[in-house]
Amino acid sequence: MEGSLTARDRVGIQDFVLLDAYTSETAFMDNLRKRFNENLIYTYIGTLLVSVNPYKELGIYTKKQMDIYMGVNFFELPPHIFALADNVYRTMISETNNHFILISGESGAGKTEASKKVLQFYAVCCPSTRLLDNVRDRLLLSNPVLEAFGNAKTLKNDNSSRFGKYMDIQFDHQGAAVGGHILSYLLEKSRVVHQNHGERNFHIFYQLVEGGEDELLRWLGLERNCQKYRYLIQGECAKVSSINDKSDWKTVQKALTIIEFSEKDIEHLFAIIASVLHLGNVHFEASAHGYATLNSSAELLGIPSNILQEGLTHRKIEAKAEEVLSPFTAEHAKYARDALAKAIYGRTFTWLVNKINESLVNKDSTRKTVIGLLDIYGFEVFDVNSFEQFCINFCNEKLQQLFIQLTLKSEQEEYEMEGIEWEPVPYFNNKIICDLVEEKHRGIISILDEECLRPGEATDFTFLEKLEEKMCGHPHFVTHKLADQKTRKTLERGDFRLLHYAGEVTYSVVGKFHLIHKFKNCLLLFKVMRQSKNSIIQHCFHTIEPDGKKRPETVATQFKSSLAGLTEILMTKDPWYVRCLKPNHCKQPDRFDDVMVRHQVKYLGLMEHLRVRRAGFAYRRRYEIFLKRYKALCPDTWPHWKGTPAEGVQRLIKHLGYKPDEYKMGRTKIFIRHPRTLFATEDAFEICKHELGKAPATSDKRRLPFPEGVVMILIETCWRGLQARRERERRAWAVKVIKKFIKGFMNRNQPVSMDNSDYLAFVRQSYLTRLKDNLPKSVLDKTIWLTPPPIMQEASVLLRKLHTRLLVRKYVRGISAQQKLQIKALTSDIFKGRKENYPQSVCQPFADTRISEQDINIKVLQLICPEGIKYSVPVIKYDRNGFRPRFRQLIFTQAAAYLVEEAKIKQRVNYSSLKGVSVSDLSDNFLILHVTCDDTKQKVGDCLLYLTRMHYTYTELLSFCSVRFDIQPGKEGFVDFKSSSESMVYRAKNGHLMVVSPHNPMHTT
């Protein structure tokens, strides 16, 4: 770090502690801006890392960068997230104690990415075995799963975490990752039922709809169209250019498999996601008495429809010894529906986190050291701040309190350990604000609980009145009623304002702090949920919910309790901090918004932290490191110092002329009070380096003992020697590998031994790689299979069987459920042994339709959609007069068959008038629809059609008839079939239509 100080005017200072004007916010911002403009996004405040989101790729997270920072002193290289991660890891191993890294900042500042980089670094630097790799993979793949279920697109960030996450990574005594545990905090459940304009619901909903397989969507009753679901369209941005929902869906599926979710768990999990979407489409209407009635229903969540309907439209009232069901109004029913959707999703998310924890659990009971990662939302101030912002900002108050306490504690401990007198540091103690929120019986949360659970009709304003009564005169609380004349103009009547450590925030209670008397109205719904056949729902709602006899715990109280638990966990660990900053609102690279960044610097408490770190000494280093760097500045210490490092440093600073009030000598470190003292030392060293390199030998002991010009030769010699040694090592390795390969080839037919094991492993890998690219694509393809080497004969037979089973499984899954299996069997019964080209049709997959609705003219769709389209296929229709071919679309609905030409319906055949269907026994694809017509004046009759998917179309109609057909009522026509070397269709001289099929035997009909 000291080496970069010479360029401080251009690129700023790597550690804010070395800022001379450390109390100046302007100086702080100038340094941050300088570094950002040079693509230096990381800066230290002591051991705290400040990170500015660059909104572009910088190429600083490669494997090579990880290797550079691995095992290096914290301040030896430029600031980096890898430097902090490595220092935490090495300190944990050497001191065998627990640590945590707190990553905070506002949405879009890069918190989630920072936590990913830390995990990726540990995945590379930790010892590796097959078992440990499994743990590593699960730790890494827990991220995409939690992001899918807990992240969403917001106005500030396309992948914003809508929950707080604390992950413990457990390490054994060798530093290998052996397990983990995740805690989640305050999932933004309100997003399930409502999104602001320009925002989306949680990613998993869109991933399921856009990326889910057709068979899965049919089973879940979903359509591949987000516009069909009310819970997905409120933000009016279901599609986002930066998000690939289909690709993310595949990643989530792979992750769930590796984390060891069973197929049943995955089915039930996605059934719940689909059920939430269906629940959002449930509508209520007011009856004649104003009560809610359902006008739509579905088999949701494995619960009988009538039971779910009763739960959504009624509440339970206890009257003395009996229970009475009271109907909801339509408005209350909508609230109950949304409350149920939020409860289902919130509890399912908790189940998901617990399930991931089961796969990460460390089964070894021996003591483990832990590194915790806390990725949590930063301080939030919006135009309208609701209950979520209140909880988030309270969380930040508690963490700021912990932050200052732990920082002061670590500073004081270091001073005491070095034998330097500790000087008390003045700082703002935000305990008064924490007590304002969480104090028992008098805090805002306690008052909210009382209002939510007291008898009678509690409203938003009765809650506000109670706050004004209890908080009157508090210096950090004000409302419209309690404010002075000037402040009152900035507050609405439903607002209250808190003066947080980071500034004032105004909260609105109107419609935002919904009271929990409504929670009691939903108790019947929670009992209904226990009747579900879905195992996850049963698990999530298995406990008895509060029923009025026991005081229920509100969301705010639950959050306060979980936050207290988190604080206890963190107090037992050594802290490290990453503060993430967002440079602009537009997510643009190379743009630094001073006002916005200054605001974040304020509410993240960076100036406060800097002030605490600078209250004593700005710079401290171990004697060995300080002496090694600066010993050339003193003739007595250059080139070699014979005494102890402490004595050498004492001699050095005496020579440099340090004043007594500028430094202190500790037991193992030197402490320098002012940055300017260090800057002067570093500037002198920069000059000295050049003198040492170019000056000839003199009596001055600081000069190199070599003639002029020899220095460069020595450096070149050392460098060439290093390159030669590396080349020799590389060649020695290559010779060893080639020898082993040749020896293995010579012994390839012998039993596995040390001589041939590596060669045989190469043969196996080579064969499997080639086989992967040349696998059969169809069950009927029996010819393609690579000839295996002798060592792979047995494995090849097993792999071929497995691959065949896989192809069969894919084929069966593609047939889409039981009804298509029945169609398959029926097609076989009809055509097997009767139709020459039936065997060629077996490998053709079934499909619900051969023409998508987008390819059917919209006018035709408007006419026939009410009947419900069942199947459609392109055909060629031959005219009854002259047998001219015409391209048509054959569309089956529930009521009739239609022949369509672009925007015109050319013929409608009611199924009641269809007396039969005929085909030949040759290899042609002709099909004749026999139509009954009582009115001889109408020019309608049998339809002669050619279609490539004749077998499937025929099976859809399930009828048999003779091949003769009517040209018009009262007249007859014939089709003659025969076999030849090539297929043809033409009008014969006898006036019949001649169909020639490519086959040797001749058939006539």
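Cβ atoms here come from the backbone N, Cα and C positions, even for glycine.
Per TrEMBL, domain 'Myosin motor' is recorded for 12-686. When averaged over the domain 'Myosin motor' (12-686), pLDDT in the model lands at 81.
Residue environment of Glu106 (ATP binding site) contains 22 other Cβ atoms, counted within 10 Å of its Cβ in all protein chains. The ATP binding site annotation in TrEMBL covers Gly105, Glu106, Ser107, Gly108, Ala109, Gly110, Lys111, Thr112.
Long-range contacts of the region 'Actin-binding' (563-585) within the same chain: residues 32, 36, 47-55, 81, 84, 87-88, 91, 97-106, 108-111, 114, 156, 166, 183, 185, 370, 372, 374, 378, 394-395, 398, 402-403, 406-407, 410, 591-593, 596-597, 600-601, 604, 606, 609, each at least 6 residues beyond the stretch ends and with a Cβ under 8 Å from a Cβ of the stretch. Annotated region 'Actin-binding' per TrEMBL: 563-585, in sequence order.
Per TrEMBL, the feature domain 'TH1' maps to 835-1005.
Around Lys111 (ATP binding site), a 10 Å sphere centred on its CB holds 27 further CB atoms from the protein chains shown. Annotation: Thr112 carries the greatest number of neighbouring Cβ atoms among the binding-site residues Ser107, Thr112 [cut-off 10 Å, Cβ to Cβ]. According to DSSP, the region 'Actin-binding' (563-585) comprises 9 helix, 8 strand, 6 coil.
In the structure as shown, the Cβ atom of Gly105 (ATP binding site) sits within 10 Å of 26 other Cβ atoms. Taking all protein chains in view, 24 other C-beta atoms sit within 10 angstroms of the C-beta of Ala109 (ATP binding site). For Gly108 (ATP binding site), the same-chain residues 6+ apart in sequence whose C-beta sits under 8 angstroms from its C-beta are Asn53, Thr154, Lys156, Asn157, Ser160, Lys582, Lys587. Its own atom aside, the Cβ of Gly110 (ATP binding site) has 23 Cβ atoms within 10 angstroms in the protein chains shown.
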